[in-house]
Amino acid sequence: MTKVLVTGFGPYGVTPDNPAQFTAEALDGRTIAGATVVSRIVPGAYFDSIAAAEQAIAEVDPQLVIMLGEYPGRAMLTVERLAQNINDCGRYGLADTAGKVLVGEPTDPDGPVAYHATVPVHEMVLAMRAAGIPADVSDAAGTFVCNHLMYGVLHHIATQNLPIRAGWVHLPCLPMVAALDRNLGVPSMSVETAVAGLVAGIEAAVQHSADTREPVPSRLQI
């Protein structure tokens, strides 16, 4: 049976409740398009996150990896197209959960500049929209631990020649976090809505080994 590994992060920075954790946990054990979902919460720290994901890949032996993270300020699910070989959380005024601040450092000095997601990004976005969930394609995964982990997992898969497809979905803040005084006006999305979008997206990823070449209208500005 096909297995899908879903990863999420716990609290970090000024985010006390991470939608990636709650969404990953809600998906754990589900069967989607005949595939079993196995979720793992990984550390929100540079390099530790990659090591934990590599261990989960070895244990679960998935055919598909979908990684989740929060992107404050975005109003919809965003499926990332690229992961860069650069880390810079100093620009955000943030440290990772181990207290580490990286500024302009690569994830792997010998690795390529970037990796493309190997999931059908357009098909996933179209499936999410068809399910009534706002979603878009993104070409900017940031330079914090989300981008770092996406790059690290894709690099691991490529260098180990593993038969695994992998990609990243960013989630808006949770309503309970957007309701905090410091976050008023920040877009949010409930766990239930995010889960519905991920179910549709994972189904598309399981069913489509190649992406559509049809253009996907985009409104993403950040």
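Even glycines carry a Cβ here, placed using N, Cα and C.
Remember, it's a predicted structure, so these values are computed and weren't measured experimentally.
Annotation comment: Swiss-Prot describes E80 (among others) as active site. In sequence order, A117, V121, S138, D139, A140, A141, M150, G167, W168, V169, H170 are the residues near E80 (active site), counting only same-chain partners six or more apart with C-beta under 8 A.
Swiss-Prot lists C146 (among others) with the feature active site. Remark: C146 (active site) has F9, M67, G69, E70, Y71, W168, H170 as non-local neighbours, by Cβ distance under 8 Å and separation of at least 6 in sequence.
According to DSSP, H170 (active site) sits within a strand segment. The feature active site is assigned by Swiss-Prot to H170 (among others).
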